[in-house]
Amino acid sequence: MTSTSVQERNESTPLLATQQQQQPQDLSDPQALPLATRNLILASIWVGVFLGALDTTVVASIASDIASSFEAGNLAGFLGTGYLLTTATFTPLYGRLADIIGRRYASLLSLSLFTLGTLGCGIAPSMLWLVVGRLVAGMGGGGMMAVSSIVASDVVPLRRRGLTQGIANIFYGVGAGLGGPVGGWISDAFSWRAAFLCQIPLLLIALILIFFKVRYIVPGQGKSKREMLGRIDYAGSLTLIGALGSLLLALSYKNNEGLEWSHPLVYGFFTSSAIFWVAFVAAEAWWASEPVLPLSLLKSRNGLFVSVGCFALSFAVFSLLYFLPMHYEIVRAMSASAAGAHLVPNSVALSCGSLFAGWMIRHTGSYYYLLVITGALPVVSFVILTMLDEHSPPWLEWVSVLPSGFGFASLLTGTLIALISSVDRSQMAVSTGLTYLMRYTGQVIGVACSSALLQAILTSSLHRRIVGPGAEEIISRIRHVSTSIGDLSPSLQHEARASYHESLRAVFAMNAGMAALAWLAMWGLKEFDLPGSFKEEEERRNALETPREEQA
């Protein structure tokens, strides 16, 4: 028997293949994969994180140009809220899909949808087409972020998870930092369409990397398609889309179209939103076998306060990303590229805050005091922003967003660790999905409410400042095509810019209140031990040395 086996191994049999068969890679334990493989996996998913962040600030910096080209300035908010609507509603699905179809196919699905939507935006012939493109891109954008975080939790031990999340946030910060100035420069030099189309080659590279590198398996894969599809929470997903979508439409008709609160479309959509919210809670509590939002997580102390903190701070910070460029482009009459450049300090602070938070959690084994201290920083930024005017020194304009970026990044890292350290490993993916659901829900409602507040105060201020023959036509033109302000007489330009300044100041004040709410939520968190931290390792070494000293 042995001799036959030896004879079968002739010169045509590769020895390397034999060795690999004897020592196969354990694809069921991603943390057992070779370090080089794990690093390539992380690199492949972080490309998607970079591009998702890049796209967000690209759109924020060119939204005014897009809206003006279609003469639909009052619909500019939908470029942000449309994307965030589908991001918020589809993100929790990816937490489940990552368990059902595997990390690889969940990553490919999210990136493919994002690529398709971005391409659609680049070739859009109308504002409606463009908004649809943003909706499709949002279906994948949130998934790229959520699945990347899940994959990182798979391949990295919890003790190093904070530092890894910090590195991931650097990719996010660099992407967000480049998006504003690069998008503005491309729009000024070529057109806003090029800002979308130039992303396509990078997205295709990311698809190839993920296809070849993210190949490990997780429990739940390998089952029948019928069983996998049956595990998806369709009722919860549809009711969440209905709740958020109805809310956005109600706010849009009230403020963008100028309808009264008593108008059937306004109160009708508000009513349908309330009904959908009730149906969503009922679906998650009683119908869904694997809900996109397990209410049991919200019953836990960390689950509740992490959710409140993520929602409130995302509400505030994402409004800043969308409306701060508007301040510089409209109120200060800067170019799109110059306005976008003012987001760079925020992104630099985001990267530094991520690394700092990850390093602190890794070395101290604690996240509570980190979150309590850094959670106050975004409040400082928004208070400064409410005080900016034409007499403010340029250096203050540049540094005003630094506390917000640093604090936001710290909370992104720390709250994720606070939640996943408080649950079983089997709930890790859905817990990660919960944090992203709250972030994106906060973002979509934040941008929508900020847009509604801006339009309401802008309309009131313009009617108060601009009167006389042709006033209504001028006001309508200012609201719909912000670039037309430059064509007005100097006196009317001053009044128009002052009206925008007044409305943007109110937006920043509202967001200061939401940032304060997020900070208060950090005080309610409970500290859980993080296995493998430097603090725990030192305590273990001391415990081992004590018996030796007693024996001596």
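Keep in mind that glycine also has a Cβ here, set from the backbone N, Cα and C atoms.
Curation plays no part in TrEMBL annotations; they are all automatic predictions.
The region 'Disordered' feature in TrEMBL is assigned to 1-29.
Per TrEMBL, the feature compositional bias 'Low complexity' maps to 12-29.
Here TrEMBL flags 40-63 (among others) as transmembrane segment. Within the chain, the transmembrane segment (40-63) has long-range Cβ neighbours (under 8 A, six or more residues past its boundaries) at 30, 33, 76, 79-80, 83, 107, 110-111, 114, 118, 134, 137, 141, 144-145, 147-148, 151-152, 155-156, 164, 167-168, 171-184, 187, 192, 195-196, 199, 202-203, 205-206, 209-210, 213-214, 216, 321-322, 325-326, 336-337, 339-340, 343, 347.
Restricting the average to the domain 'Major facilitator superfamily (MFS) profile' (41-530) gives a pLDDT of 81. Feature annotation from TrEMBL assigns domain 'Major facilitator superfamily (MFS) profile' to 41-530.
Under the heading transmembrane segment, TrEMBL lists 75-94 (among others).
Taken from TrEMBL, the feature transmembrane segment covers 106-129 (among others).
Residues 30-31, 33, 38, 41-42, 45-46, 48-49, 51-52, 55-56, 82-88, 90-91, 93-95, 97-98, 103, 106-107, 109-118, 120-121, 161, 164-165, 168, 172, 214, 216, 218, 416, 420, 428-429, 432-433, 436, 440 of the same chain lie 6+ residues outside the transmembrane segment (135-155) yet bring a C-beta within less than 8 angstroms of a C-beta in it. The transmembrane segment feature in TrEMBL is assigned to 135-155 (among others).
Within the chain carrying the transmembrane segment (167-186), a Cβ under 8 angstroms from the stretch's Cβ atoms is held by residues 42, 46-47, 49-62, 145, 148-149, 152, 192, 194-195, 198, 321, 325, 335-344, 346-351, 353-355, 358, 405, 409, 412-413, all 6 or more beyond its ends. TrEMBL lists 167-186 (among others) with the feature transmembrane segment.
Under the heading transmembrane segment, TrEMBL lists 192-212 (among others).
Feature annotation from TrEMBL assigns transmembrane segment to 232-253 (among others). Below 8 angstroms of C-beta separation, residues 77-78, 81, 85-86, 88-90, 92-93, 96-97, 100, 259, 263, 265-270, 272-273, 276-277, 279-280, 283-284, 287-293, 441, 444-445, 448-449, 451-452 of the same chain, each at least six residues beyond the ends of the transmembrane segment (232-253), sit close to that stretch.
Here TrEMBL flags 304-323 (among others) as transmembrane segment.
Sequence annotations record features per position, and here TrEMBL assigns transmembrane segment to 343-361 (among others).
Long-range contacts of the transmembrane segment (368-388) within the same chain, counting only residues at least 6 positions beyond its ends with a Cβ under 8 Å from a Cβ of the stretch, are 309, 313, 316-317, 320, 324, 327, 353, 357, 360-361, 396-397, 400-404, 406-408, 410-411, 414-415, 418, 505, 508-509, 511-512, 515-516, 518-519, 522-523, 525-527. What TrEMBL records for 368-388 (among others) is transmembrane segment.
When Cβ-Cβ distances below 8 Å are used as the criterion, the transmembrane segment (400-420) is approached by residues 149, 153, 158, 161-162, 165-166, 169, 173, 297, 302-303, 306, 309-310, 313, 317, 320, 324, 342-343, 345-354, 356-358, 361, 367-368, 370-371, 374-378, 380-382, 384-385, 388, 428, 431-432, 434-435, 439, 515, 518, 522, 525, 528, 530 of the same chain, each at least six residues removed from its ends. According to TrEMBL, the transmembrane segment annotation covers 400-420 (among others).
Annotation source TrEMBL lists transmembrane segment at 506-525 (among others). Taking Cβ pairs closer than 8 Å, the transmembrane segment (506-525) reaches residues 301-302, 304-306, 308-313, 315-317, 319-320, 323, 367-368, 371-372, 375-376, 378-379, 381-383, 385-386, 404, 411, 418, 446, 449-450, 453-454, 457 in its own chain, all 6 or more past its ends.
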Hey, which of 106-129, 192-212, 304-323 has the most Cβ-Cβ pairs under 8 Å against the transmembrane segment (343-361)?
304-323
